[in-house]
């Protein structure tokens, strides 16, 4: 088992990475001072695959698990379904000592964390991410949110989990498209932080795409190490943590304007990374060779790199102006200076951004 730690003082927690460890979660939770009542938040597909294994493990140790299901999909990560979960918790009699488990991908993790942060002014929860994207990104760091029709993740909190429990065997059931989508976030870590990791991904592309378990554990661990280091230094995104938003300014706009139905999150982020790198190159920072490397690795892993054909640049710009990184109406983005080095919260003119979007 690989063990990492996110250092945040009293809110520090472990990330545990292994194979076939879902059946051990009940034993692990005995270490926490919690009541016996545990809510498992999941979707029907994931619950059918892994729910009973988690339930049996919890019951074996004397816990009382309750399952709350929400539909699968980004467009269900909204206040209506958060309210539904809150209602269920109240009806089941959950109190401040109760505990939540997010069993699923990024949508489940985000909405579970959000509910945990506001239910009775905050209860504990753990992340059991079952998608690659959630394992390397959204399960770590304590960002929680639900979407709003005007923008993604606009309503949210910072609420750290008590534990992140990763079983790479869950990736066996992950649809290929979702697996590839998760690789966008993995590649992002190489671009923003670690050139050697970027090169490792280039070299081991075939093994990664074949889902070699040892390689998967290796890349998940390195991605989590990078995110844990960043979050430990800047929990609430006052400066450094913004680096993790590379690709997300344009990516989130794509998701919003397509109604979260045309692109998976990683696919939109891939397009965002390419065009934010192109913007950096146009401004004279990122050299052409590094831009081509970023574009090529994403393309070679099977990720999209081009904007939707009918995407209106004016609508994109209007959506980007609502981005959380902006201050006083000024667009601030994270753009690569070189592979492994970034410019954080760099101010971009609307004119330059539209130029890149229209190319």
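In case you wondered, yes, glycine gets a Cβ from its N, Cα and C as well.
Of the residues proposed, 148, 248, the one Swiss-Prot records at the same Zn(2+) site as 185, 265 is 248. According to DSSP, residue 131 (NAD(+) binding site) sits in a coil region rather than a helix or strand. Neighbour counts were taken at the CB atom with a 10 A radius for the binding-site residues 72, 185; the maximum falls on 185.
Local packing around the binding-site residues 74, 110 was summarised as the count of other Cβ atoms within 10 Å of each Cβ; on this measure the leading residue is 110. Secondary structure from DSSP puts residue 72 (NAD(+) binding site) in coil.
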